[in-house]
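Inspection log for the structure reproduced underneath, given as structure tokens.
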């Protein structure tokens, strides 16, 4: 049991260690370990079939792992976990003819101290649709109702699995905003996703999962910088100049010319030194572009695969 | 629990094809067939009974129970499993068992409504006597309905999809109804068929309903077969049921 000695001590909300789960002779989860700290948005990122869902299903108590341990909120029993853990699963739905308010009201009745359902509907933007049938909602609205159901018991931790899959870009951004608000209320969030952009935007830390293993665990920036972060700066110089002024910079590893454009490659924070060296030489860079490594590149470098295939 | 039953009842009534079918079809058959002159005359082949005394109303009670328990109930439950409704509920502090209970209660309610209407309207329009051994009739109805609900839950437990569930339901329903005497009264069946029927779930239910309707005591064998069916199907269904 982890006790909270003071508010400075960060509580480990979820501790997973050496989790294994075999399914039809395949090691779907093959030794996964990670911890989730209170108040963070923790991402579980990986391609389809990497074992993400099975991992969080074990955390939520829906599946029994073959070996390894899962401790939730300091080792609560399954019944208590279900009270404090809100779960939104990929392959779960509601009866088509249940109304929005009925579903929320029913789920609220499952918990000892539920959230105010009216306020929750307002927050997920479904107040105007409260009398609509679940089956008549758009994909984004169904997802938001599903999030509301995961939050109606006022959980300390919410597990959200692929919550923006199949949504249009606007609905996706709205959902991201909602998640950020929920976190601001102090709910710890575990986000399962295969969207790079989503992970980069929302997550404080990420576990990159591939073939049932954690390949890396870090902040999005940390993961990107881990691969040596080859950055590229491209521009069209206002007048010719000597490459040596750029090659002399410690950050720069290469300079190439192509059709009147210059491409400078290097590591770290490349842009400021390049721009000031050019300014010192009286060169103005036009059409300045910077290319940074993304999580996609990080995943590719770490596993040799593309994540979003 | 009350909220769950109420919510399920609302959902049930929003898709009323099943319940309407289970109530109206047996009623229409009772009143329609019951008006055929020959069925109102004492039949020497049936020991001097009239068809409308117990054969027709008894079989209609069985028909409504079977319609709900063997077709409507498994199809709904399997659809809930297919769509992840049960799985979603299993992440909450409330067990999806309650959803099963709510469904059973609703299906039972429909069967009770149908049975009451059969008795009342049969009495008013055809002069069919109210079950003469009402207490025993009620007990037999409860036990028999429980046995068919158990069978329905077992179908829901093993069927991989709602289509398969409906298929298995119908496949069980017709032969069981046949040996129970739905189309040929059991009195007119060959001995061997009647004997086989005694050990299948539905025929004892039908016979016991008819016996108590006529004011007799149900046969112990029939009560035993129904009780065994309840226990066996209930235990198997509980063992085999999957939430996802």
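Each residue, glycine too, has its Cβ placed from N, Cα and C.
What TrEMBL lists as domain 'ABC transmembrane type-2' is B:17-244.
The transmembrane segment annotation in TrEMBL covers B:20-39 (among others).
The annotation transmembrane segment is assigned in TrEMBL to B:59-80 (among others). Listed as Cβ neighbours of the transmembrane segment (B:59-80) (distance under 8 Å, sequence separation of 6 or more from its ends, same chain) are residues 18-19, 21-23, 25-27, 29-30, 86, 99-100, 103-104, 107-108, 110-111, 114-115, 118, 141, 144-145, 148-149, 151-153, 155-156, 159-162, 164-166, 168-170, 172-173, 176-177, 180-182, 202, 205-206, 209.
Within the chain carrying the transmembrane segment (B:108-128), a Cβ under 8 angstroms from the stretch's Cβ atoms is held by residues 9, 18-19, 22-23, 26-27, 30-31, 34-35, 40, 52-53, 57, 60-61, 64-65, 68-69, 72, 141, 145, 149, all 6 or more beyond its ends. Taken from TrEMBL, the feature transmembrane segment covers B:108-128 (among others).
Among the features that TrEMBL reports, transmembrane segment is placed at B:134-157 (among others).
As annotated by TrEMBL, transmembrane segment applies to B:164-184 (among others).
Tertiary proximity for the transmembrane segment (B:221-241) is limited to same-chain residues at least six positions away from its ends with a CB under 8 Å from its CB atoms, namely 100, 140, 143-144, 146-147, 150-151, 153-154, 156-158, 198-201, 204-205, 207-208, 211. The transmembrane segment annotation in TrEMBL covers B:221-241 (among others).
Sequence-distant contacts of the transmembrane segment (B:134-157) (same chain, at least 6 residues past either end, Cβ-Cβ under 8 Å): 61-62, 65-66, 69-70, 73-74, 77-78, 81, 100, 104, 107-108, 111, 115, 165, 168-169, 172, 201-202, 204-205, 208-209, 212-213, 217-218, 223, 226-227, 229-230, 232-234, 236-237, 239-242.
Residues 50-52, 56-57, 60-61, 63-64, 67-68, 72, 110-111, 113-114, 117-118, 121-122, 125-126, 128 of the same chain sit 6 or more residues outside the transmembrane segment (B:20-39) yet have a Cβ under 8 Å from a Cβ within it.
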